[in-house]
Amino acid sequence: MVNIIWACMAIIGIVYAMFNGTMDQVNQAVFESANEAVTLSIGLISVLVFWLGIMKVAESAGILEVLSKLFRPVISRIFPDIPKDHPAMGYILSNITANLFGLGNAATPMGIKALEQMKQLSGSDTASRSMITFLALNTSSLTLIPTTVIAIRMQYNSISPTEIVGTTIIATMISTVSAILIDRFFYYKSIWRK
Amino acid sequence: MGIITSVSTWLIPCFILLVLVAATWKRVPAYETFVEGGKEGVKMAFSLLPFLVGMIVSISILRSSGALEAFVGFISPLLISIGIPPDIIPLALVRPISGTAALGMTTELISTHGPDSFIGRLASTMQGSTDTTLYILTVYFGAVGIKKMRYALKVGLLADLIGILASIIIVTIIFG
């Protein structure tokens with residue numbers, strides 16, 4: 001599906017530009033955005049190196065183990081096919097915690113580590129059930145405190161920059177619960193088909 | 001706000017402190033382990049690069065051609081008729097595709113309508129309660145080399161749709 005979406009976005013854009021005389025902008029966008037993507041990847045190096053380094057220390061020091069033991073009952077229900085003592089649990093938890101506090105930069109490396117562990121479990125290059133559940137959680141956004149939005153609201157002199165925290169938490173809860181339910185729906189549908 | 005900001009500022013340094021104290025206590029070679037873990041980060045950033053270039057270029061072709069805007073204009077009468085404010089539609093459409101574009105749109109909506117207006121509050125809530133599905137799938141699956149995503153994209157996009165609708169309903173109930 002991602003192959004189709006990826007190709008279609010570019011095809012629609014180029015064909016539309018043919019009839020609307022925006023080919024100049026498209027041409028410019030191709031090179032500028034490729035450049036932007038490289039800058040973004042290079043920019044990620046610092047964050048990835050630092051957090052993967054710290055997390056490796058945390059793992060050897062047994063901190064991830066303690067963390068996963070604490071929250072095991074909840075997490076093992078959401079991820080039933082990950083063995084209870086597996087290191088993936090610790091990374092899943094650190095990713096969720098970092099997301100909840102709006103630390104997106106710290107959340108990504110931990111999320112990638114979690115997926116790596118899940119890939120070792122499944123041993124194939126096809127997304128496993130737990131991987132999809134994990135990404136569903138991440139894409140539905142787990143933010144409790146939307147720090148960036150609060151910062152923008154402050155910049156534009158809002159009377160109450162944080163008044164949207166409540167509505168954000170409710171909307172996030174609804175989308176996260178829905179994401180888990182939708183994920184379950186497609187999972188059981190894929191089983192029935194077999 | 002005071003408590004929230006200080007929690008966010010204290011959390012990371014305290015976590016680092018905890019990790020380093022625990023490592024020293026358990027006689028883990030902290031620095032060497034850090035460097036070992038960090039090396040993976042360098043590899044990861046480079047393996048991500050082609051995924052990001054591909055996705056970002058395709059998205060920006062779609063945006064720069066004006067096709068996305070035209071589509072928004074095309075479907076907005078329908079959405080207005082069911083009570084969704086048209087100004088918010090571009091944001092709702094772009095949010096799953098591009099994080100920076102969505103943040104730019106949120107900022108623009110807040111500056112034109114004011115942070116305490118209905119649109120301003122709705123844009124803020126929407127920005128905070130959804131995430132860049134396409135980017136997350138690209139980065140996460142790209143980094144560990146997952147080639148077949150199966151139903152992951154469907155789940156992500158449907159969750160975004162629900163998040164957006166939930167934001168509209170909740171902001172209408174609370175601030176409407």
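These residue numbers are counts, starting from 1, taken along the chain as shown.
Glycine is no exception: its Cβ is also placed from the backbone N, Cα and C atoms.
Residues A:132-152 are the range that TrEMBL records as transmembrane segment, among A:6-26, A:132-152. For the transmembrane segment (A:132-152), the list of distant contacts is 78-79, 92, 95-96, 99-102, 107, 111, 114-115, 118, 161-162, 164-165, 168-169, 172, 175-176, 178-180, 182-183, 186-187: same-chain residues at least six beyond its ends, Cβ to Cβ under 8 Å. Sequence-remote contacts of a segment are chain residues at least 6 beyond its ends whose Cβ falls under 8 Å from one of its Cβ atoms, and for the transmembrane segment (A:41-67) they are 87, 90-91, 93-94, 105-106, 108-110, 112-113. The helix, strand and coil residue counts that DSSP assigns across the domain 'Nucleoside transporter/FeoB GTPase Gate' (A:43-151) are 83 helix, 1 strand, 25 coil.
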